[in-house]
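Undergrad: According to TrEMBL:
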type: DOMAIN; residues: 7-152; note: domain 'Dicarboxylate carrier MatC N-terminal'
type: TRANSMEM; residues: 25-44; note: transmembrane segment
type: TRANSMEM; residues: 51-72; note: transmembrane segment
type: TRANSMEM; residues: 99-130; note: transmembrane segment
type: TRANSMEM; residues: 137-159; note: transmembrane segment
type: TRANSMEM; residues: 179-205; note: transmembrane segment
type: TRANSMEM; residues: 226-247; note: transmembrane segment
type: TRANSMEM; residues: 253-274; note: transmembrane segment
type: TRANSMEM; residues: 286-306; note: transmembrane segment
type: DOMAIN; residues: 303-423; note: domain 'Na+/H+ antiporter NhaC-like C-terminal'
type: TRANSMEM; residues: 326-353; note: transmembrane segment
type: TRANSMEM; residues: 365-387; note: transmembrane segment
type: TRANSMEM; residues: 407-433; note: transmembrane segment
Amino acid sequence: MNSATVTVLCLLVFAALIILSFRKKLNLGLLSLGTAYLIGCFILKLSVPEIVALIPIKIVFMLISVCLFYGYSIQNGTMKVLTTRIIYRFRKHYQLMPFVLYFLSFILGLLGASAPAITSLMAPICILIAESMQIHYLIVVVLIGFGSAGGSLVPWGQGGLIVRGILESTIYATESTSLSLKICLNMFITGLLALLFVYFFYKAYKAKPFIIQKPESFNPAQKKTLILLCLILCLVIIPSIISTLAPSLTLSHYAHILDIQMLSIIGASLCAILRLGNEREVITNYVPWNTIILVSGVCVLFALIQQTGIINQLPNYIEKSIPQNVIGIVLVILCGFMSFFSGAMSVVIPMILPVVVNICSKNGYSVTALASSAVIGAIITCISPFSTAGSFILSFLPRSEANDQMFARQFLLTFAVFIIPIVLSAIGFYRLLG
């Protein structure tokens, strides 16, 4: 069986697996792993150890270590107290509250919380504030969806770890951290523009003052957790920034060894020793095992496709058939369409990002621009009512009779804001950072 036939077979099987997992509520990664074994061993004649070696260990370890550490701050209530205190501090600037909440969602992602964790934390609070201020609930959908998704794209965030893990296996390995930061910044600006659109469209500037009770203070365990969070973030961020602004071998060395993965393991160990949370509950509930299995399985299946050599031929095909100035637009639309039916970070990005890297390396295109187009295109659908975040926020609406109407409006809003990354990609905005 030739490589083209194997590739077509893998893609057809993968499409069938997506449908099966969606209809039966099964983990797509588990199905993909089983399929990869059958195709790899019985069609490609690979050995079992060769297939096992395709599991993305770097991504798996990064997700486990970082989420384990940050899980303590969610489990012991540190994130909740921090959130309510920030909202209380800005309560008098109620007309700017949507932007405060957007920045807060982004900051929580910056602190390492996953997008689903941020959504579950912020949704009840933001819905109550929106009801009190009499602003449209779709503003809440945008600010939570894009704020949390953008924040989690930092190199130590859950989304950023996946992007960085994929880039580290390519020729851009040394730039993986800086590329993740650039993609994160592009997503932040895209989300901010989307928020500005809904802010003025739904006239949030006419919001009414809201009442919020003075939040409780941090307890001793939460104070220690917050100190640990800030300390580890400083150890990760400051050496990298200084070594970038004033390059030196010593600073560069420390910037590389002060890695978020191992520092998170130390942080989680200290949290366990200091009894800052329930270790068993953190491991069980706050490490995204479902996502880890999902990403692992999909990566293994697409690693098999890469071994056929078809992926390496795609850049040449794209160069000949698609003009350079519209490749970014095509990626936004393609990834957005795909993420309507499958997970953005767990399925679409592991599938598309290696292709983007090949296109850039062979044709000299801006990897920041095309990677941003792909990642942001996939993420932009996170506010749809079919997504985890979108449906979760929808479920918190206080007026159940409006849910059908809100569902339709939320679906249409997804298409409306989809225009923003298309325009930004078309005018070359995503190329500005490199």
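Using N, Cα and C of the backbone, Cβ positions are placed for all residues, glycine too.
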Undergrad: For the transmembrane segment (407-433), I need the partner stretch with the highest count of C-beta pairs below 8 angstroms, choosing only from 51-72, 99-130, 137-159, 179-205, 286-306.
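TA: Stretch with the highest Cβ contact count: 179-205.
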Undergrad: Any chance the transmembrane segment (179-205) and the transmembrane segment (99-130) are in contact, meaning at least three CB pairs closer than 8 A with a sequence separation of 6+?
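TA: Checked: the transmembrane segment (179-205) vs the transmembrane segment (99-130), in contact.
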Undergrad: Tell me if the transmembrane segment (253-274) touches the transmembrane segment (365-387). I count contact as 3 or more CB pairs below 8 A, with pairs 6 or more residues apart.
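TA: Between the transmembrane segment (365-387) and the transmembrane segment (253-274), contact is absent.
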Undergrad: Any idea what the model's mean pLDDT is for the domain 'Dicarboxylate carrier MatC N-terminal' (7-152)?
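TA: When the pLDDT values over the domain 'Dicarboxylate carrier MatC N-terminal' (7-152) are averaged, the result is 84.
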Undergrad: Where DSSP helix means H, G or I and strand means E or B, what are the helix, strand and coil counts for the domain 'Dicarboxylate carrier MatC N-terminal' (7-152)?
TA: 120 helix, 0 strand, 26 coil
